[in-house]
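S.K.: If you scroll down you'll find the structure; I have some questions about it.
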Amino acid sequence: MSDIAAIVVAAGRGERAGAGVPKQYRTLGDAPVLAHTLGAFAAHPAVGRVLAVIGEADAIQYKMCLSCLPDTRRLLAPVSGGNTRQASVHAGLAALADTPPAIVLVHDGARPFLSPALITEAIAAARAHGAAIPGLPVTDTVKIVDEAGRVTGTPERAGLRAVQTPQAFAFAPLHAAHERARAEGRNSFTDDAAIMEWAGHPVHVFPGEATNMKLTRPEDFDTAERHLRRDATLVSRTGTGFDVHAFADGDHVWLGGVKIPHARGVIAHSDGDVVLHALTDAVLGALADGDIGSHFPPSDPQWKGASSDRFLAHAVALLHARGGVLDHLDATVICEAPKVGPHREAIRARIAVIVGLPLASVSIKATTSERLGFTGRGEGIAAQAAATVRLPANRHPTDAPGV
Ligand SMILES: Nc1ccn([C@@H]2O[C@H](COP(=O)(O)OP(=O)(O)OP(=O)(O)O)[C@@H](O)[C@H]2O)c(=O)n1
Ligand SMILES: C[C@](O)(CO)[C@H](O)COP(=O)(O)O
């Protein structure tokens, strides 16, 4: 089982959004808000368990959400929340404490647009820093105002971040901090990072996503519907990639981010992972944005021996930065040996985690070249790949006529 669990808090009443029904159960597109949110975690390859914290009276609405999800296998039975967000998160942590995960993600049920890449980033940042939260630079000037409406201060804007969820933590210290806050009657923390700060833990901030809005006020639902409609107007593009490395002395090769024992190694500036290189070129091809060599020149010493995960992650980050969505990856390894079959599922799982796709959208195939050519003679290994993405029409400079 994965050592990562997600707690989705959805026990609020949505007073500020109005409409007489908790906002997480209002319909957005073709499903309740909460179904979108839970679906994002349930489909993420790295998340093993998803726990919803719901209102005591909301069991029927919650069941409706489940009926909108294609796969509910990783969803645990929901638990009841408390009177505050803090109390609801505490209820979720308490429910996980008997079989604690290493990392827990805490997310608002009312933030339905988080991307798979943000979940991947949150997990990586929590592994690296213990406590990590997504945040965006503030674009308005922020004032501190007293009860009479008088400005009492203007904080330096450069150091401010508007923070979001998923907030990601090593489970044990977050659980302990929540327990301590509860025992000491500290009940007014508005996010989990604040509890960790209060308990003396450093918290790292990584870039959030402008689209990861929290539905809070009535007008937010119009923005959310517009966001969904924009998604429907994305145009599909396909890119292809191809890569070759010659065999040399060594005892392993890297394929799709997995180290595979083999009687030979490869000659390469990086780790020589033909699968990740071909996939990186395929994503860059779909973006019409050069190739792996133009983004990571082999002449640059910093890429010497580099793990190729970062090349593919970079290409996918470029796609997201342009408002695009990665839909599917497909690669074929061409070699006489090593045999890819025994490693296929591990490779698919690793790639799924690197790019934040569900496993069902990552395909790995292999073929020999019938002993013909350089692969047939065992002189080297090759891979070809295709990436299917969706992009906003006319967003990239190279879409403009004449460019
Ligand atoms: N007692 C609470 C309060 C909030 N939440 C959840 O925490 C998230 C962020 O809270 P917020 O946007 O404030 O939601 P509400 O409390 O529902 O909104 P409002 O304050 O307008 O009533 C939401 O997904 C909400 O359902 C919760 O699980 N339990
Ligand atoms: C956790 C949070 O979403 C981070 O921005 C926010 O603090 C929740 O605040 P709310 O008052 O419960 O909406």
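Including glycine, each Cβ sits where the backbone N, Cα and C put it.
No curator has checked TrEMBL annotations; they are predicted automatically.
Residues or ranges marked as region '2-C-methyl-D-erythritol 4-phosphate cytidylyltransferase' in TrEMBL: 1-235. The site 'Transition state stabilizer' annotation in TrEMBL covers ARG16, LYS23, HIS269, THR368. According to TrEMBL, the feature site 'Positions MEP for the nucleophilic attack' maps to ARG157, LYS214. Look at TrEMBL and you will find 237-403 tagged as region '2-C-methyl-D-erythritol 2,4-cyclodiphosphate synthase'. Look at TrEMBL and you will find 237-389 tagged as domain '2-C-methyl-D-erythritol 2,4-cyclodiphosphate synthase'. TrEMBL lists ASP243, HIS245, HIS277 with the feature divalent metal cation binding site. Residues annotated as 4-CDP-2-C-methyl-D-erythritol 2-phosphate binding site in TrEMBL: ASP243, VAL244, HIS245, HIS269, SER270, ASP291, ILE292, GLY293, THR367, THR368, SER369, GLU370, PHE374, ARG377.
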S.K.: Which are the residues of the chain, ASP243, HIS245, HIS277 excluded, whose CB is within 8 A of where the CB atoms of the divalent metal cation site average out, their centroid?
M.R.: VAL244, ALA268, GLY272, ASP273, VAL274, VAL275, ALA278, ALA382, ALA383
S.K.: May I ask you to report the DSSP-based helix, strand or coil state of SER369 (4-CDP-2-C-methyl-D-erythritol 2-phosphate binding site)?
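M.R.: The three-state answer is coil.
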S.K.: Among the recorded sites listed here, LYS23, LYS214, HIS269, which has the most company in the form of other Cβ atoms within 10 Å of its Cβ?
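M.R.: Result of the Cβ crowding comparison: LYS23.
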S.K.: How many neighbouring Cβ atoms, not counting its own, are there within 10 Å of the Cβ of ARG16 (site 'Transition state stabilizer')?
M.R.: 12
S.K.: Determine the most Cβ-crowded residue among the recorded positions ARG157, HIS245, HIS277, using a 10 Å radius around each Cβ and all protein chains in the structure.
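M.R.: Highest number of other Cβ atoms within 10 Å: HIS277.
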S.K.: Return the residue, from the listed recorded positions SER270, THR367, THR368, SER369, with the maximum count of other C-beta atoms within 10 angstroms of its C-beta.
M.R.: SER270
S.K.: Taking only the residues in the domain '2-C-methyl-D-erythritol 2,4-cyclodiphosphate synthase' (237-389), give me the average pLDDT of this model.
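M.R.: The predicted confidence over the domain '2-C-methyl-D-erythritol 2,4-cyclodiphosphate synthase' (237-389), as a mean pLDDT, is 94.
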S.K.: Could you state the CA-to-CA distance between ARG16 (site 'Transition state stabilizer') and HIS277 (divalent metal cation binding site) to the nearest Å?
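M.R.: The Cα atom of ARG16 (site 'Transition state stabilizer') is 48 Å away from the Cα atom of HIS277 (divalent metal cation binding site).
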S.K.: For ILE292 (4-CDP-2-C-methyl-D-erythritol 2-phosphate binding site), just count the other CB atoms lying within 10 A of its CB, please.
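M.R.: If we count other Cβ atoms within 10 Å of ILE292 (4-CDP-2-C-methyl-D-erythritol 2-phosphate binding site), we arrive at 25.
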S.K.: Calculate the distance in Å between the alpha carbons (Cα) of THR368 (site 'Transition state stabilizer') and LYS214 (site 'Positions MEP for the nucleophilic attack'), and round it to a whole number.
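M.R.: So the alpha carbons of THR368 (site 'Transition state stabilizer') and LYS214 (site 'Positions MEP for the nucleophilic attack') sit roughly 50 Å from each other.
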S.K.: By the DSSP assignment reduced to helix, strand and coil, which category contains ILE292 (4-CDP-2-C-methyl-D-erythritol 2-phosphate binding site)?
M.R.: helix
